[in-house]
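Undergrad: Below: one structure in structure tokens.
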Amino acid sequence: MAQILLHGTLHATIYEVDELHGGGGGNFFSKLKQNIEETVGIGKGVTKLYATIDLEKARVGRTRIIENETTNPKWNESFHIYCGHLASNIIFTVKDDNPIGATLIGRAYVPVSEVLDGHEIDKWVEILDTEKNPIEGGSKIHVRLQYFDVLKDRNWARGIRSPKYPGVPYTFFSQRQGCKVFLYQDAHVPDNFVPKIPLAGGKNYEAHRCWEDIFDAITNAKHLIYITGWSVYTEISLIRDSRRPKAGGDQTIGELLKKKASEGVRVLMLVWDDRTSVGLLKKDGLMATHDEETEQFFRDTDVHCVLCPRNPDDGGSIVQDLQISTMFTHHQKIVVVDSALPGGGGSDKRRIVSFVGGLDLCDGRYDTAFHSLFRTLDTAHHDDFHQPNFPGAAITKGGPREPWHDIHSRVEGPIAWDVLFNFEQRWRKQGGKDILAPLRELEDVIIPPSPVTFPDDHETWNVQLFRSIDGGAAFGFPDTPEDAAKAGLVSGKDNIIDRSIQDAYIHAIRRAKNFIYIENQYFLGSSFSWNNDDIKREEIGALHLIPKELSLKIVSKIEAGERFAVYVVVPMWPEGIPESSSVQAILDWQKRTIEMMYKDVVQALRAKGSDEDPRNYLTFFCLGNREVKKSGEYEPAEQPEPDSDYQRAQEARRFMIYVHTKMMIVDDEYIIIGSANINQRSMDGARDSEIAMGGYQPYHLANTQPARGQVYGFRMSLWYEHLGMLHDTFQRPESEECINKVNQIADKYWDLYSSESLERDLPGHLLRYPIGVASEGEVTELPGFEFFPDTKARILGAKADYLPPILTT
């Protein structure tokens, strides 16, 4: 049967199965139980029935488990499924769960052609065995389906049409109005980084300084300081710019937090407990998180620091539980404090302020837009030398260090309370003692959630909080699928999941009308659509929709004869030894993802009779730096190993700038910033825990003319950082002139970066991602570049036969 593209939203309900052991099949379950008892040795067998929904081989929904109901299991569960899949059938599978794996009972097939017209269908569908024959007793499953094509969505490709746009639907947190947002590029912005970027209303864009603001927020807190992190390192200092000193700025963050706790401030920290059983990755040079040191530092002090493992929700199998607790992390990076009212005028009243983004408060994160490799080794980075990509790298052997590019945000107003509530949910689940600040008792002091801007303030923001998290990490999630759905949560096989970050990305991409700009540490997913010549797609499981949504958006614009551009910035390779099998495996997934997208774009261009370069619509970059030697530079006492990547990079005076960002800008009007990568770990909801904000300024929308608010100013400031220049064409990123200009500059910078010799510093950091695109969209090596410069690491990656995909996707 021909496969048809389902691109839109599928509403599905699974009601029940009738008479599972009818027609003489009564011994079916007893045989099943006996078999399980023999293989697993668990005593008397118990049936644990659940049903799943697949679009071909892509799992898009699953019910809870119903125990000991062998004849007529009733789930009555509804699903809201975003889809971008080629499929001939919507497949309902009934299974009996085992401690290890599950036993197939049968599958029911609904042809995609039946739902295409958008009418609701409600029917009993025959359950078939693996040979497509009816199972014993002729059992049927009762389902309801209704498909809403993306073209019928009134927001499709129309941007945010009105200041009253209500935000992403079906989410745990609703959108908040009357908020303030500060956007941060890198941990610090020095005074000499001042691009002139005019905004609406005659203002110029002003940069903010993340770690200075976090230092001030912690220093001035009086009642509470809540921190979550993948890593928090007590030995780092937040203030390092000698031209911008602050009182107390020489303290480490550990000493600062101890001091605040001793003053009576409630300081609570949830730091990921790195269960070192992830040895597979550890030896490949992934950075230690200092979790044990951090806990030790605060032991027997007034700071409550809890090491927080990524515990599974209650409903998984033995294998799933093992995977979650040993392979996945707590990845949210937030700081929540109480703060003085703006322009407080001597008032004792306090409000809540929160920070959300990609920056952990740990070593290797402090950097500026200049991302120097060698010139800060005797100043800001002498005691914070971070280079996990070379074995044995150390300050004593010299640079290049690994520069760090990241993005963060500060949110004020009602949205800041949502971040606080997220912390409280997590603390109640895994924090141990109930020592959260008693907000009810403090209501005379801390004002309740309320707008911090007037409705007519042109700088106001509407902001929504999104997460990837499940009931294993957040307290108070509903128990039943019905209540979960009402709360904007997804129910799975006995776990309740908040997957709203993925939903937010999907909605923003579907709304986009002109361009999308992405910076992310990873870029892989939509594995259901990868080329499957040498892999079994269904075994990969990187099913999130983001890459496919991007390519389908471009395709729709090509078909409509309209311009659209997608710019993606990723690191050269994921942090770690680049030749290692884990890094090579991730690069292989990334290549397959990019290739899938380019094939979609090329196919659409060819269908229009165009042989245009697909890079005019979709283009990938990385960041790097290269510096000539200057007199007075730090001189290391030792040398790197001869003929090592380290030694070659030191001689060539170049290295990648690590892109750790997790950000997307749409049409210069909407921005998502958070901790979530574009991979399955971050977008799944039941893997790594994540948090993000999505927001826009209702007075700065891209309706009749291009948006010129803070989001535009921030993007232009980022482009100034990466390109070393501003140009008029950058104001219209969707235009062919702009994407050609950016591609040309990035191609030139790559040539300078990768050349044998260097006459002067690299004029900018944005480099072409070193891959080619062949005539049918296949991703190929750039001529002469099988390996990243100074390494023996293949740019296109390599399949890892012994690493399970769940670890690297």
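Even glycines carry a Cβ here, placed using N, Cα and C.
On a predicted model such as this, the values are computed, not experimentally measured, just so you know.
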Undergrad: Looking at Swiss-Prot, D186, H371, H405 are annotated for Ca(2+). Which of E669, E690, E721 sits in that same site?
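TA: Ca(2+) site check in Swiss-Prot: besides D186, H371, H405, the record includes E721 out of E669, E690, E721.
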Undergrad: Under a three-state reduction of DSSP output, how is D338 (active site) classified: helix, strand, or coil?
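TA: For D338 (active site) - judged by DSSP and reduced to three states - the answer is strand.
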Undergrad: Near Q521 (1,2-diacyl-sn-glycero-3-phosphate binding site), which recorded positions out of D186, K333, D338, K662 have their CA within 10 Å?
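TA: So the list is K662.
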Undergrad: May I ask for the distance between K662 (active site) and K333 (active site), taken between their Cα atoms and rounded to an integer number of Å?
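TA: Distance (Cα to Cα, whole Å): 12 Å.
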Undergrad: Can you count the other CB atoms that lie within 10 A of the CB of D338 (active site)?
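TA: Result for D338 (active site): 25 other Cβ atoms within 10 Å.
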Undergrad: Compile a sequence-ordered list of residues in the same chain as H405 (Ca(2+) binding site), six or more apart from it, whose Cβ lies below 8 A from its Cβ; state 'none' when nothing qualifies.
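TA: Set apart from H405 (Ca(2+) binding site) by at least 6 residues yet with Cβ under 8 Å, we have Q185, D186, D367, H371, E519, L623, I657, Y658, V659, H660, T661.
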Undergrad: From the recorded positions D338, D667, E721, pick the residue whose C-alpha lies nearest to the C-alpha of H331 (1,2-diacyl-sn-glycero-3-phosphate binding site).
TA: D338
Undergrad: With Cβ-Cβ distance below 8 Å and at least 6 positions apart along the chain, what are the contacts of D667 (active site)? List them in sequence order.
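TA: Those within reach of D667 (active site), by Cβ under 8 Å and sequence separation of 6 or more, are G159, A512, K513, N514, F515, I516, A702, A707.
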Undergrad: Rounded to an integer, what is the Cα-Cα distance in Å between E721 (Ca(2+) binding site) and D338 (active site)?
TA: 32
